[in-house]
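Notes follow the structure.
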Amino acid sequence: MSPGDTKDADVELSKFYGNGLTPTKSNAASIAIGQVEGDQPHGGVQRKLKARHIQMIAIGSNIGTGLFIGSGKGLHNGGPLSLIIGFVSLSFVLTIMMQCLAEMAVVLPVSGSFTRYATRFFDRSLGFAVGWQYWLCWLAVFGAESSAFVVLINYWNDDTRWTPLWITIFIIINMCIHIAPVRVFGEVEFVVSTLKIIAVITFLIVIWVIMGGGGPDGRVHRAEYWHRPGLENGVANGFYGFAAVFVTAAFATGGTEMVGVVVGEAQHPRYNLPRAVRMLMWRIFVFYVLTMLFLTFVVPYDDASLLGGSNASGSAFVIAINEAGISALPDLLNAVVMVCVVSVGSTSIYISSRVLRGLAEEGFAPGWLARTDRLGRPYMALLASGAVGVVLAYMNCSSTGAVVFSWFSSVSGLTFFFAWLTIIACNWRFHAAVKAQGDDVMERRYAFRATCWPWLSILAFVMIAFMIICQFCVSVKPIGSLASAETFFANFLGGPTFFIFWAVHKAIYRTKTVPLKEIDLQTGRREADPEEEAKLEHYHSLSTWQRALTYVRF
């Protein structure tokens, strides 16, 4: 690209960004029209994540406390049927949402992904709100995981004097992962996600054996816990119990959309991302829906241990194992969950730093936060995100871990809902812009297309909106406690903060929705290179069973 071309690109970008802050000239040049962000060795992130990294990040990156510990809260509040309906609903919503995200990400694989699509396809105020909210969401996840790390250690040693030390160890482990190049993060996630998958499958087998009477006590379970006193057709606490399950399920499954953020550093996104998305439905079904179904057969919704909250003793998995008389497995599960917690903490720092870098490139944060080093690490965004994460982690020293975990998980769970709504809405605008500008990108060979678009995406959008309303109702009338301002904001804090971000930016800059014909469909666009075309050709030439095998041979 000649200097003149770069100058023209800067002009076009400044027109696109409109009112408010604009990116620096160096940042604009690094993502000029026709270039792929990150291809420059010292000017952006580098594409070092391989197919196996993307696959395993999609499959197991967000398996953690939400599944192993938080699911017990959902079972207690809503009962077995509500828990299953909640996770089945999230399974459908996430599958459709990720297809919508993949349609955009394979064409525009930029770092920061959907938080930047909001600015590009709608207006800067929405991009500002969803970007900062999502950044805070993942730092809240870091705080929640640090809290969980402490209470998991307290399962063996409940001396609270050691809390600062445990938090420091948690922070050091996570920071060491991100000091290394991004491929190290990919390798860590690959190994840990593999361990998570093995652990979940192992415990599924154990619970299956317990259901059949194979435990030391020899007791056979025949869905008797679905008919406990206080349940009405498998539902506890009526509508409010049913409504309370959704945010629990969102916290457990939230982060699935992170694949769209990772794609900015992925090799061959047009080939790898659709494959990761196709695996999503099966992952959620096996690791969430099937697991929750098994648990409802061996753990009663009113078990007193479920009220234990955020430690291993309150895990539905541990309760099932203890009630079957198996003595050694609870300690093993506690160790497994600790590994999961560290992994999710690492993921939260990765995502928050990439989102913060994207905010800086969009002009929503100081330009120095967009700087990358020679290894492609956004080191300034990493330092800033890490610093805030450390502060949130040490908040555990001034309160009980269970209370902090509850606040952070609620904030992040609700934020995921707003992120998913934004992704689907951006997808609609993407399609409308493609049509308005006569772009043939969705008609090309091997273009990825969402199933039954737009009807399923509309249904998913309505379902997510309903889940937000459900969480509002539970916040106004909480289960098991009196209504109060503290309880409301503990359950619904993510809602007001999102609208405050949006309203303040809108009031200051008076931004307007980008007209369809002016939406930028070129900056950061990436056409398939010859190697990627060859991979696509080979994949589509295979039979159905041969294609299936490619998902397990990395």
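Counting begins at 1 with the first residue displayed.
Using the three backbone atoms N, Cα and C, a Cβ is placed for every residue, glycine included.
Feature annotation from TrEMBL assigns domain 'Amino acid permease/ SLC12A' to 53-513. Taken from TrEMBL, the feature transmembrane segment covers 56-75, 81-111, 132-153, 165-185, 197-215, 235-259, 280-301, 332-351, 379-396, 402-425, 446-469, 489-509.
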Applying the under-8 angstroms CB criterion, which one of 197-215, 332-351, 489-509 scores highest with the transmembrane segment (132-153)?
332-351
Find the average pLDDT over the domain 'Amino acid permease/ SLC12A' (53-513) in the predicted model and report it.
85
Let me spell it out: take the transmembrane segment (332-351), skip the flanking residues so only those 6+ beyond its ends count, and list any with a Cβ under 8 Å from a Cβ in it.
61-65, 68-69, 138-139, 141-142, 145-146, 148-149, 152-153, 155-156, 170, 173-175, 177-178, 185, 188-189, 192-193, 195-196, 199, 203, 255, 258, 261, 312, 315, 317-318, 321, 382, 385-386, 389
Please report, as numbers and ranges, the same-chain residues at least 6 past the borders of the transmembrane segment (165-185) whose CB is under 8 Å from any CB of it.
45-46, 48-49, 53, 142, 145-146, 149-150, 153, 265, 341-342, 345-346, 349-350, 353, 375-377, 382, 386, 389-390, 393-394, 396-397
Using Cβ distances below 8 Å and needing 3 or more such pairs, separated by at least 6 in sequence, tell me whether the transmembrane segment (280-301) contacts the transmembrane segment (197-215).
yes
With Cβ-Cβ distances below 8 Å as the criterion, list the same-chain residues six or more beyond the ends of the transmembrane segment (379-396) that contact it, or say none.
135, 139-140, 142-143, 146-147, 150, 163-164, 167, 170-171, 175, 178, 348-349, 352-354, 356-357, 360, 368-373, 404, 408
Would you kindly list the residues that approach the transmembrane segment (235-259) from elsewhere in its chain, counting only those six or more residues past its ends and only Cβ-Cβ distances under 8 Å?
54, 57-58, 61-62, 66-67, 70-71, 73-74, 76-79, 81-83, 85-87, 89-91, 94, 97-98, 101, 113-114, 141, 273, 276-277, 280, 284, 288, 301-302, 344, 347, 351, 409-410, 412-414, 416-417, 419-420, 423, 467, 470-471, 473-474, 477, 479, 491
Close approaches to the transmembrane segment (446-469) from elsewhere in its chain (Cβ under 8 angstroms; 6 or more beyond its ends):
89, 92-93, 96-97, 99-100, 102-103, 106, 246-247, 250, 270, 273-274, 277, 414, 417-418, 420-421, 424-425, 427-428, 431, 495, 528, 536, 540
